[in-house]
Amino acid sequence: MIGNRVINLLIVATLALAGQTVLALELGQDCVNPVGEAGKCVLFRECQPLVDIYNKPVNTPDDTQFLTESRCGLYERKTLVCCAGVRSKGKTSLPESPNCGVQLTDRVIGGQPTKIDEFPWTALIEYEKPNGRFGFHCGGSVINERYILTAAHCITSIPRGWKVHRVRLGEWDLSSTTDQEDDFYADAPIDLDIEKIIVHPGYNLQDKSHHNDIALIRFNREINYSSTISAICLPLSNSLRNRKHAGLSSYAAGWGKTETASASQKKLKVELTVVDVKDCSPAYQRNGISLDSTQMCAGGIRGKDTCSGDSGGPLMRQMSGSWYLIGVVSFGPQKCGAPGVPGVYTNVAEYVDWIKDNIY
């Protein structure tokens, strides 16, 4: 094991790569991290999320930039960093970067099955059917130890006699009881009973524009994070909420229908370009659908889209080393993956206050 002094020298060298001026804050002072989230200026070794990023087998340029820009001062020649995401007492909190949106590997290549530990916040919603059978027909995203975020239509627009039954986390291959990739064996997925479901009060089943298509599911217990189960970040700060994503690359992941119209057994991912909602509105207006700023669009390239089995699942972007949930899969063209018609997503940034008001 490398001595503390050597580790500190390595950290200082890594954090100095960008050559930027370090804020001269004192130990314990309030600070703001690179993505605009509030934190405390602490010793590097006391900020476990940053230590975890530093200790990853391979650091991406975003990782290095985030580490560099997290510096906030020096204390007795030791590096201080702005550490965000301290959990508030008495109420379930939402994690902030770098306590969320981190996966052990950065191997995103669009249009392929995921690796076993990619996007560990993806969830499956299981339904109980009248014939005594069960099935997974919607997705969601882990946002902390007690909740997933999903689409309202996954709760209210389901066939007669169906009931939302449980939530599964840590899944990768539905055809296997033990997920394995190369020499890595994942822990068994967990099935969680549901304590409460909160559908946005503004969602109207009869509204074909699907405004306010967002819901929360609360587990009956807290979960423990692992390499295959963790939370994705939400855009909590004003700077993140106001960020424009149009024209930029994003990713969706889930077990939905493929271009062959059959559900995938393994978790899939697809790279999608975000489209300004004003630019994709005309494609839907002819069908009497009116989109607004609480929605966003992505995709529109033949064969690259999210399909019905992915409803409620995540649309995400990696920013400053962490993955952020920017959209929830809502609806799309009648023919999935139709060219020129992007899919529609609930714009998560518009619902951060609602989410914060409804978790406990």
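Cβ atoms are placed via backbone N, Cα and C, with glycine included.
The signal peptide annotation in Swiss-Prot covers 1-24.
Taken from Swiss-Prot, the feature disulfide bond applies to CYS31-CYS82 (among others). Long-range neighbours of CYS82 (disulfide bond) (same chain, six or more residues apart, CB within less than 8 Å of its CB): CYS31, VAL32, ASN33, PRO34, GLY39, LYS40, CYS41, SER70, ARG71, CYS72.
Marked as disulfide bond by Swiss-Prot: CYS41-CYS72 (among others). In three-state terms derived from DSSP, CYS72 (disulfide bond) belongs to an extended strand segment.
Sequence annotations record features per position, and here Swiss-Prot assigns disulfide bond to CYS47-CYS83 (among others). Sequence-distant contacts of CYS83 (disulfide bond), defined by Cβ-Cβ distance under 8 angstroms and a gap of at least six in the same chain, are ASN33, GLY39, LYS40, CYS41, VAL42, GLU46, CYS47, PRO49, LEU50, SER70.
The domain 'Peptidase S1' annotation in Swiss-Prot covers 108-360.
Mapped onto three states, the DSSP output places CYS138 (disulfide bond) in strand. Among the features that Swiss-Prot reports, disulfide bond is placed at CYS138-CYS154 (among others), with the record citing sequence analysis.
HIS153 (active site, charge relay system) counts 22 other C-beta atoms within 10 Å of its own C-beta, drawing on all protein chains shown. As annotated by Swiss-Prot, active site, charge relay system applies to HIS153 (among others), with the evidence given as sequence analysis.
For ASP213 (active site, charge relay system), other Cβ atoms within 10 Å of its Cβ number 31. The secondary structure of ASP213 (active site, charge relay system), as reduced to three states from DSSP, is coil rather than helix or strand. As annotated by Swiss-Prot, active site, charge relay system applies to ASP213 (among others).
As annotated by Swiss-Prot, N-linked glycosylation site applies to ASN224, with the evidence given as sequence analysis. Around the Cβ of ASN224 (N-linked glycosylation site), a 10 Å sphere holds 10 further Cβ atoms from the protein chains shown.
Marked as disulfide bond by Swiss-Prot: CYS280-CYS297 (among others). Taking a C-beta cut-off of under 8 angstroms and a sequence separation of 6 or more, CYS280 (disulfide bond) has the following same-chain neighbours: LEU291, CYS297, GLY300, VAL341, PRO342, VAL344. When secondary structure is read from DSSP and collapsed to three states, CYS280 (disulfide bond) falls in the helix class.
Swiss-Prot lists CYS307-CYS336 (among others) with the feature disulfide bond, giving sequence analysis as the kind of evidence.
Every protein chain shown contributes to the tally, and the Cβ of SER311 (active site, charge relay system) ends up with 25 other Cβ atoms within 10 Å. For SER311 (among others), the entry in Swiss-Prot reads active site, charge relay system, with the evidence type sequence analysis.
Classification of CYS31 (disulfide bond) by DSSP places it within a strand. A gap of 22 Å separates the Cα atoms of ASN224 (N-linked glycosylation site) and CYS138 (disulfide bond).
Secondary structure from DSSP puts HIS153 (active site, charge relay system) in a helix. Here the candidates are the active-site residues HIS153, ASP213, SER311, and by Cα distance the one nearest CYS138 (disulfide bond) turns out to be SER311. Candidate disulfide-bonded residues: CYS41, CYS72. Fewest other C-beta atoms within 10 angstroms, CYS41.
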